[in-house]
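Visitor: Could you have a look at this structure, given as structure tokens, before my questions?
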């Protein structure tokens, strides 16, 4: 999907939403319906429990239909029938409070570390440009891979790793956007479910729940009465506030555990798919505008990239992505050819000509009689094996020269086994990253034609996005910034550790009965708490803005 098609589709969706909203308002009856009709409609869409708000590119759907289920869960926690369940739940969410504090500290440390790395990177670029503009090393965004473990898609001159943001259409294909949005929405549902269960544990009623969409970004939410939350003890508030991020952390651990034990592989095998990872990567799709379209057929298995075998039994090792996105990796073997073939022109070997040449010839280099030689040859008969050339390391037979393609040629050999079991070598000329961007591969192939070929790849991609989204939501939400869980958690922790009462009048009345020294201690604690509640979120927000701005600056 192109960016233009995406914008057109999004505009059409919002046009339909506004149209449906306008028609529903006009068709809403002025007189009440008879009771039987109301009961039938309540089973599907009862507007007395639901409120829909549409404003420009913002859609918000709020419902109180789940409040009864929330109250029922609260009754089970407070009743005498399930005391063990209540005790275990309190211990579980107490652990959530501890993990919330640790997560907040970890998120702040990670933010400070990333900001420091960005400052160092910008400083290096500035110093390098002031000394010699030619020595400036570019920092560019590259596409992010979803495989876990060995993928390294971005090379920078800094000794510190740089986090590549996920930007559909820039760092990942635009087709991934629906999977990304679905992963974000599901992670938010898990997050809000944690708040709801912990609130039921403390008998805090729910006001409403719902979803919202801003342009195309979904969000889930659960609201509680603010007065009811404030009258709870600091420990109870900590349980409720930290429960959302804690659910995300637990969910991430479950996803990682299922991935480690190979649950996905077992499921796909049962569903009728075979893993061809030991042989290579199966072609799932090729962009229609790619030169490789028509040469790499869906269902074909790519077994080699140059001299590198793609077959592996390690599920976490993505040789395809690593080879195509890493710095240039030269073939380990050369080709034996007749030395007389190099006696022709070597014009294409000139650096000034090689990058702009439209000739079908490529530069090959070798050594003959202890002397470096080079020449322009047709790479297809040599690299595709049509002439049955012998592979070599250094020496060949009499009159032969061991040559290799020059690095400026940007040639890539793809060894392909087609569904008809015919093996061929497809020769690509150009940046390797374009092959990675234009060809979608996987490791599962269906046993039956009725099964969709891309389904395992779609699920694996979604699984990776879901893991990243839920872990990111755990860390980001714990930053002590206004409107995030971290700021409310910070307030609860300060109340718990400082023991400051929020009622000023009650504090002053009690202060009449104790010494002036104790009154001053209480007042100092209150001032310290207020300063921390004010300044820590401001510092964190400033650090986040600086980190984002420096990351953008590093992109140029």
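Including glycine, each Cβ sits where the backbone N, Cα and C put it.
Residues or ranges marked as signal peptide by TrEMBL: 1-19. Per TrEMBL, transmembrane segment is recorded for 91-114, 207-225, 246-268, 462-479, 536-553. The domain 'Peptidase M50' feature in TrEMBL is assigned to 180-498.
Distances, neighbours, how buried they are, the whole picture for these features please.
Guide: Distant neighbours of the transmembrane segment (91-114): 163, 194, 198, 201, 235, 238-239, 241-243, 245-247, 249, 474-476, 478-480, 485-486, 489-490, 493, 540, 543-544, 547, 551; these residues of the same chain sit at least 6 beyond its ends, with a Cβ under 8 Å from one of its Cβ atoms.
Note on the domain 'Peptidase M50' (180-498): its mean pLDDT in the predicted model is 86.
Counting residues 6+ beyond its ends, the transmembrane segment (207-225) has Cβ neighbours under 8 Å at 10, 57-64, 66-67, 177, 181, 184-185, 188-189, 191-192, 195-196, 199, 240 in the same chain.
Among residues of the same chain six or more beyond the transmembrane segment (462-479), those with a C-beta under 8 A of the stretch's C-beta atoms are 100, 103-104, 106-108, 110-111, 146-148, 166, 176, 179-180, 182-184, 186-188, 190-191, 244-246, 248-249, 251-252, 255-256, 259, 264, 485-486, 489, 540, 544.
Here the transmembrane segment (536-553) has long-range neighbours at 108, 111-112, 114-115, 118-119, 121-122, 163, 165, 479-482, 486-487, 490, meaning same-chain residues at least 6 beyond its ends whose C-beta is under 8 angstroms from one of its own.
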Visitor: So if I exclude everything within five residues of the ends of the transmembrane segment (246-268), which remaining residues of that chain have a CB under 8 angstroms from its CBs? That is, six or more out.
Guide: 93, 95-97, 99-100, 103, 148, 187, 190-191, 193-194, 275, 315, 444, 456, 459-460, 463, 466-467, 470-471, 473-474, 477
